[in-house]
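Enquirer: Supplied in structure tokens, the structure appears directly below.
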Amino acid sequence: MTNIHNDKILILDFGAQYTQLIARRIRELGVYCEIWAWDHNPAEIAGFGAKGIILSGGPESTTLPGAPAAPQEVFDSGLPIFGICYGMQTLAAQLGGATEAADQREFGHAEVNVINPDALFKGLSDHGGEPKLNVWMSHGDHVSVAPPGFTITATTDRIPVAAMANEEKRWYGVQFHPEVTHTLQGQALLRRFVVDVCGCQTLWTAANIIDDQIARVREQVGDDEVILGLSGGVDSSVVAALLHKAIGEKLTCVFVDTGLLRWQEGDQVMAMFAEHMGVKVVRVNAADRYFAALEGVSDPEAKRKIIGNLFVEIFDEESNKLKNAKWLAQGTIYPDVIESAGSKTGKAHVIKSHHNVGGLPEHMKLGLVEPLRELFKDEVRRLGVELGLPRTMVYRHPFPGPGLGVRILGEVKREYAELLAKADAIFIDELRKADLYDKTSQAFAVFLPVKSVGVVGDARAYEWVIALRAVETIDFMTAHWAHLPYEFLGTVSNRIINELRGVSRVVYDISGKPPATIEWE
């Protein structure tokens, strides 16, 4: 079988907000890559076996003492190097060029003039054949003097060195960000570096990844049994489908129905996995335990803790019944791995971790199976489709681990959860009907623990309030509220109030992030 990790790129992270985006773009080209902190062990960098190295952007300044720098082993490797933004600045500073602080930061669209087309730029244009490109800038410093052996390949009206190249050594640098979509020829530039200059084969495809992981899982677990906590979310669902294909009936999934899931989600999970795919799923109906444990609790963090601890407790009980299980499968994905690796100096970018299963009891002496640990979320979704999971499941909006427990403000009660699940289902149903679901990044309903006066028939009613929330975002770090049509919102409001007894008012949240968070709790 072809080794899909043979041709790979190493990205050294200098703390840029876009570093993961660089990796995702390279993976989209069909080439495997990894992100390591810039201060990673130099011997491991030298021994990684990359076909090329990318130096990412970053928030530091090369004009200050102690600025992060690429290890000498990078330059000694003889490999092609591509410096992006700060990555180009440290290339210049380390190789005998000069950088300086700009009078003011440059952030946004810019026009680059290609004056000496190199292997990356040759023939590219956004202006009808003229050697000009529309790019995205985000920098304070810039290269003022290119290092010896380098040619200035592009400039702008504001900076003398927008790109540079040493074609003999195959070292390149650009001041702009090819990884963002605002740089129209960005993916073409990355392809030229990764495929043309570095010579990488495009082996990183969904079908190849599935074959590779099936072989790895079979080698890892042998004839042992594996247990998986199935939540109905994308990651655990893809793990379930992948492991079922790899080891069949040796996989047992435990699905804990907390009573805090989306409308009829428990039945949908069982229909999909147990009935349609033949996966062995143990369904634990634990709603009574959850509502009893949450009684009288209104603090959001306390609710999260109770919900998380109870899941671990129930999962532990069920795993003890499976005497032959030697392995625990988890839906850990690549951003979790980057977070745990960290940086020795603390100057590299740290991403908040969202582990699927955390805090499992120490006495659970199970080995870990993590078939998604090399993948980004978009890759996990593509794998899910390739494995035959419905697109509607694979491309569902994010759902919080504690479920409706953090979308019911204040104390959680069974009747609140049922009302909210139905209201949420109506909202999502109408979004799909209006072809707006995929145009929003996340949409959901929130139960507000306040009553509002309304008129139902000829009588006054004093009933609950439902808030609707819909946002558009690229990375979930910042978000804009979705400008849904008024007529659409009116339709959703009418359905919720007419179909749900106990709701008299529906409001729409028009807060951005920041200052508000996407979830209410």
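Note that Cβ sites are derived from N, Cα and C of the backbone, with glycine treated the same way.
From a predicted model like this one, the values you see are computed outputs, not experimental measurements.
Annotations for this protein, taken from Swiss-Prot, read as follows:
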{"type": "DOMAIN", "residues": "8-203", "note": "domain 'Glutamine amidotransferase type-1'"}
{"type": "ACT_SITE", "residues": "C85", "note": "active site, nucleophile"}
{"type": "ACT_SITE", "residues": "H177", "note": "active site"}
{"type": "ACT_SITE", "residues": "E179", "note": "active site"}
{"type": "DOMAIN", "residues": "204-396", "note": "domain 'GMPS ATP-PPase'"}
{"type": "BINDING", "residues": "S231, G232, G233, V234, D235, S236, S237", "note": "ATP binding site"}
Enquirer: According to DSSP, which kind of secondary structure is C85 (active site, nucleophile) found in, if we only use helix, strand and coil?
Expert: coil
Enquirer: CB neighbours of S231 (ATP binding site) within 10 A?
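Expert: Excluding its own Cβ, S231 (ATP binding site) sees 25 Cβ atoms within 10 Å.
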Enquirer: Can you tell me how far the Cα of C85 (active site, nucleophile) sits from the Cα of S236 (ATP binding site), in Å?
Expert: 37
Enquirer: Given the binding-site residues G232, G233, and counting only Cβ atoms in the protein chains shown, which has the most within 10 Å of its Cβ?
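Expert: Of the binding-site residues G232, G233, the highest Cβ count within 10 Å belongs to G232.
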Enquirer: Let me spell it out: for each of the binding-site residues (S236, S237), count the other Cβ atoms within 10 Å of that residue's Cβ, using every protein chain shown. Which one has the most?
Expert: S237
Enquirer: If you count other CB atoms within 10 A of each CB, which of E179, D235 wins among these recorded positions?
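Expert: Answer by Cβ density within 10 Å: E179.
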Enquirer: Roughly how many angstrom lie between the C-alpha atoms of V234 (ATP binding site) and H177 (active site)?
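Expert: For V234 (ATP binding site) versus H177 (active site), the Cα atoms are 30 Å apart.
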Enquirer: Per 10 Å Cβ neighbour count, which of the recorded positions C85, V234 ranks highest?
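Expert: It comes out as C85.
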Enquirer: DSSP secondary structure for S236 (ATP binding site), reduced to helix/strand/coil, please.
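Expert: Looking at the DSSP assignment, S236 (ATP binding site) belongs to a helix.
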Enquirer: Return the residues near H177 (active site), defined as same-chain residues 6+ apart in sequence whose C-beta is under 8 angstroms from its C-beta, sorted by sequence, else 'none'.
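Expert: Once residues fewer than 6 apart are set aside, H177 (active site) is near Y18, G57, I84, C85, V135, W136, M137, S138, T183, G186.
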Enquirer: E179 (active site): which of the binding-site residues G232, G233, D235, S237 is the nearest Cα neighbour?
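Expert: For E179 (active site), the closest Cα among G232, G233, D235, S237 is found at D235.
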Enquirer: Find the average pLDDT over the domain 'Glutamine amidotransferase type-1' (8-203) in the predicted model and report it.
Expert: 93
